[in-house]
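Participant: Questions regarding the structure given below will be posed in turn.
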Amino acid sequence: MTETFQFKLLAADGNARRGEVVTPRGTIRTPAFMPVGTVGTVKAMYLDQVRDLGADIILGNTYHLMLRPGAERVARLGGLHKFIRWERPILTDSGGFQVMSLSSLRKLNEQGVTFKSHVDGALYHMSPERSIEIQGLLGSDIQMQLDECVALPAEPDEIERAMEMSLRWAERCKVAFGDQPGKAMFGIVQGGDIPRLRERSALALRDLDLKGYAVGGLAVGEPQEVMLGMLDVTCPVLPADKPRYLMGVGTPDDILKSVAHGIDMFDCVMPTRSGRHGLAFTRYGRINLRNARHAEDTRPLDEQSSCPATRDYSRAYLHHLIRSNESLGGMLLSWNNLAYYQELMAGIRKAIEEGRYTDFMAETMEGWQRGDLPPV
């Protein structure tokens, strides 16, 4: 078993990259989609199912896990991998995004952020050092720096202030992380929708010589072209021999286009959240199972899929479950959606290897635009 953390670039097609992130707990095939296991569970899914779908890594949320059950308790129980029965790599976010969203419950300064728990109102302080300590107690394989994510739109001065403080926090996180063989700490590029700030952030983080780099503060309501424009500014500045992670993204369309701009890793709650609300992602595009047109449709979502939820259950039954608010409906659609996301990533990787990513993008988007088959 390797004791090192490394990124191997295996192929490229334009700016799209096919690689591997090698860790002691397993290899992450990139481009990769990481299902979100916020509180130690990918909602509505058994982790055995998530594993069988082809996920090489999942994400855990530092903010939620530090509040309940508590990082120290997880450590006493053997770490997050043992606690949730997941032997493959885990990435933990820093908790910063959730804390920053508690605008009425938190106070921010150079030392960190003090906030009230949304669970019981207890007061907590999270510094860059404490964030890394918590992630260490959880035992994750990839840990994220604490950063300040400014909601867009925002004034340029406010975006710049938050970006500069995030850079100082990145330096403190690097010191706190130290040298942990087989593990990595990623820095997070900030700068809102201002190209010069994105470039400044990426250059400064590159100089820290971290093991990986994330792009944060995007997919927060700005137009897709703005997000892609920020990737155009950011990715060329980041080291080619380190993985690039676009945080919180996103839709299949976002992923497809972001890969073409040089991104290697993604995470988003969209597959499971959408599933719980009756939405299915398929190669025909997005299907709303709440719609009455599915009430007597005996076809599955996609008979060619290898996922049982996609292949074996009729749309009429899925429609019935969703309209009846049965939990099984959300479970089956979450299963379908995560299966589709992993199938999409497998197709992306294969297309890059074959040097036909542009064609793959066009074919995939054409399938979405063509849409679902006519109702029976």
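Just so you know, glycine gets a Cβ as well, placed from its N, Cα and C.
What Swiss-Prot shows for this protein is this:
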BINDING   Asp93, Ser94, Gly95, Gly96, Phe97, Asp147, Gln190, Gly217  substrate binding site
ACT_SITE  Asp93  active site, proton acceptor
REGION    248-254  region 'RNA binding'
ACT_SITE  Asp267  active site, nucleophile
REGION    272-276  region 'RNA binding'
Participant: By Cβ distance under 8 Å, which residues at least 6 away from the ends of the region 'RNA binding' (272-276) in the same chain are close to it?
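Facilitator: For the region 'RNA binding' (272-276), the sequence-distant neighbours (Cβ-Cβ under 8 Å, at least 6 residues beyond its ends) are 35-36, 42-45, 286, 330-338.
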Participant: Could you state the whole-number distance in Å separating the C-alpha atoms of Asp93 (substrate binding site) and Asp267 (active site, nucleophile)?
Facilitator: 11
Participant: What is the total of other Cβ atoms whose distance to the Cβ of Gly95 (substrate binding site) is within 10 Å?
Facilitator: 25
Participant: If the substrate binders are Asp93, Ser94, Gly95, Gly96, Phe97, Asp147, Gln190, Gly217 per the record, what's the largest distance between their Cα atoms, in Å?
Facilitator: 16
Participant: Would you list, in sequence order, the residues of this chain other than Asp93, Ser94, Gly95, Gly96, Phe97, Asp147, Gln190, Gly217 that have their CB within 8 A of the centroid of the site's CB atoms, where the site is the one recorded for substrate?
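Facilitator: Close Cβ neighbours, site residues excluded: Met100, Met144, Gln145, Leu146, Glu148, Cys149, Ser166, Ile188, Gly216, Met247.
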Participant: Per DSSP, to which secondary structure element type does Gly96 (substrate binding site) belong, with helix, strand and coil as the options?
Facilitator: helix
Participant: Could you tell me the C-alpha distance between Gly96 (substrate binding site) and the residue listed as 'active site, nucleophile' in angstrom, no decimals?
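Facilitator: A Cα-Cα distance of 16 Å.
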Participant: For Asp147 (substrate binding site), list the number of other Cβ atoms lying within 10 Å of its Cβ atom.
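Facilitator: Step by step: centre on the Cβ of Asp147 (substrate binding site), count other Cβ atoms within 10 Å, giving 30.
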Participant: Where Ser94 (substrate binding site) and Asp267 (active site, nucleophile) are concerned, what is their Cα separation in Å, rounded?
Facilitator: 14
Participant: Can you tell which of the binding-site residues (Ser94, Phe97) has the fewest other C-beta atoms within 10 angstroms of its C-beta?
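Facilitator: Selected from the binding-site residues Ser94, Phe97 on minimum Cβ neighbours within 10 Å: Phe97.
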Participant: Please work out the number of neighbouring Cβ atoms within 10 Å of the Cβ of Gln190 (substrate binding site), leaving out its own Cβ.
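Facilitator: Summing over all protein chains shown, Gln190 (substrate binding site) has 29 other Cβ atoms within 10 Å.
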Participant: Go through Gly96, Gly217, the listed binding-site residues, and name the one with the sparsest Cβ surroundings, counting other Cβ atoms within 10 Å.
Facilitator: Gly96
Participant: Just checking, which of Asp93, Asp267 (recorded positions) has the fewest C-beta atoms within 10 Å of its C-beta?
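Facilitator: Candidates: the recorded positions Asp93, Asp267. Fewest Cβ atoms within 10 Å: Asp267.
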